[in-house]
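Undergrad: The annotation domain 'EamA' is assigned in TrEMBL to 4-119, 130-259. The transmembrane segment feature in TrEMBL is assigned to 20-40, 52-72, 78-96, 103-119, 131-148, 160-180, 186-209, 216-236, 242-260.
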Amino acid sequence: MFALVKLAATRGVNLVETVFYRQIGSAACAAALVAAGPGFGSLRTKRVGAHVGRMALGVTAMALNFLAMIMLPLAEATAIGFTVPIFSVVLAALVLGEPTGRWRWGAVAIGFVGVLLIVQPGRDAVPLDGASVAILAALLTASVTIVIRRLGATERASTTVFWFAVSSLVPLAGMMLWFAQAHEAATWGVLAGIALAGGLAQLTLTGALRLAPVALVMPMDYTSLLWATLLGAWLFSEMPTPSVWIGAPVIILSGLVIVWREHRLARRAALAAKAEVATT
């Protein structure tokens, strides 16, 4: 999808249009998920304000992610985007007060070293403005995960996804009054591809998490660096800088350590719960 976002930008599509059409696809898929699952009656909520806040944060994070893909080569932007789990650990400790041991803090430190290896401030290895946008996008995306975890205390996942997709169309539709443009047929095809890719990504991730544990599914996201490299070379004649090949594996290692540690702690908690039930 990010390659299509970058391709749309080269064809004159602005950021508001891109986010709007992406969310149309997301809203359609969210509605399909709800209809096939708990039904539309499950969408009732008393936390309207929390959903609005999540929407505002999510749309901003999405727009910045798209902007980073436009400003940077795909591989560089994708590699920096892998810092989301790292920021999530920091925010979970600071905002949610979650206990964070030496394993996760060590992974955080390793991850930020990886970012420095890619960006290399002062050496212009990567455009600093684009890298700053990518890092801010990762931070806001991590913030979204914290908000979702808080919403998860009372809301179904399908409810949160649906209200984000649908409610975001309201302000975006208002902005489209000023930003909408006419496009060639080929450009409309690219926008349709963005909507379809965004919706399918949501459906396939949901399906994958139903069939396999998070610890197995989420590391597969790191394969996106391969596709970003190939598509960047094919569509935009981009070749990753040497700093990406040095820093990206460090960030990926950090993310894998976090996933492994989360999985291990969850398994330990599950075993402890079973043991407690067995003794009562």
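Cβ coordinates are placed from backbone N, Cα and C, and glycine is handled just like the others.
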Undergrad: Can you tell me which of 20-40, 103-119, 131-148, 160-180, 216-236 gets the most C-beta pairs within less than 8 Å of the transmembrane segment (242-260)?
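TA: Stretch with maximum Cβ contacts: 103-119.
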Undergrad: How many of the residues that make up the domain 'EamA' (130-259) does DSSP mark as helix, as strand and as coil?
TA: 113 helix, 0 strand, 17 coil
